[in-house]
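Okay, structure first, notes after.
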Amino acid sequence: MASAPQPQSTVKMSKQALRSTLKKTLAALPASAIAAQSASVARHVAALPEYAAARRIALYMSMDAEAQTAPVIHQAFADGKRVFLPRCESAAVPGRKRNHLRMLEVPSEAAVSQLQPQGKYQLREPLSGAEGLDEGLDLIVVPGVAFSAAKARLGHGAGFYDEFFSVYQARHGRLPFLVGVGLEPQLVDNVPTEAHDVPLDAVIVGDAVFR
């Protein structure tokens with residue numbers, strides 16, 4: 001007999017508990033392990049057929065205790081991809097929630113290296129560029145706190161990617177190929193999810209690939 005769905009409040013509490021646990025675990029990972037696993041992630045992303053076929057790719061600027069995206073960004077430029085990076089916005093605009101992402105094109109790897117920390121979260125973000133929401137994207141490399149082999153994702157809780165996926169789907173009638181990337185401790189047996197949580201098309205954690 002199937003178990004009854006968890007109340008939304010219980011799911012939210014489970015999400016927050018998992019975020020708290022993994023934050024401590026990831027903070028204890030040595031830099032050498034992060035670098036080695038990040039290199040594996042980059043190789044597996046580049047080996048995806050969907051990556052090979054993609055012309056426009058959205059990535060993100062990684063924080064210290066995350067899979068480092070610099071190798072993937074380097075490979076994307078080397079392969080002649082158009083690269084888009086997120087900018088977190090917190091001002092209301094028509095058709096978007098207050099917290100929303102803009103995916104902005106960055107012209108070169110040199111331009112990426114010059115990005116400075118911006119905004120509330122002090123992330124390295126582009127200030128301008130062609131909009132991925134308008135241009136259309138073929139593949140998005142998605143950050144997260146936790147992932148499952150069933151391709152569920154737990155984000156950081158601010159809802160930026162959930163909102164972007166919803167608006168993109170409404171505008172284009174489809175989503176790009178979504179690839180969640182992370183470090184080995186971020187692979188968990190079960191990710192608590194709610195109705196608005198979008199499943200991924202592939203998950204790559206360290207040297208493991210699920211699709």
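Yeah, the Cβs are placed from backbone N, Cα and C, and that goes for glycine too.
Copied over from TrEMBL, here are the features:
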type	residues	note
BINDING	K15, Q16, A17, L18, R19, R153, L154, G155, H156, G157, A158, G159, F160, Y161	ATP binding site
BINDING	M61, E66	substrate binding site
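Features per TrEMBL, on structure.
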residue	record	contacts (Cβ under 8 Å, 6+ apart)
K15	ATP binding site	L154, G157, P192
A17	ATP binding site	none
R19	ATP binding site	V145, A146, L154, H156, G157
M61	substrate binding site	T69, L85, P86, V112, L115, L123, R124, E125
E66	substrate binding site	L26, P143, G182, L183
A158	ATP binding site	C88, N99
F160	ATP binding site	P86, C88, N99, H100, L101
Please report the DSSP secondary structure of F160 (ATP binding site), reduced to three states. helix
Secondary structure of E66 (substrate binding site) (DSSP, helix/strand/coil): coil
Tell me the coarse DSSP state (helix, strand, coil) of M61 (substrate binding site). coil
What's the number of neighbouring CB atoms sitting within 10 A of the CB on H156 (ATP binding site)? 14
What's the longest C-alpha separation between any two of K15, Q16, A17, L18, R19, R153, L154, G155, H156, G157, A158, G159, F160, Y161, the listed ATP-binding residues, in angstrom? 20
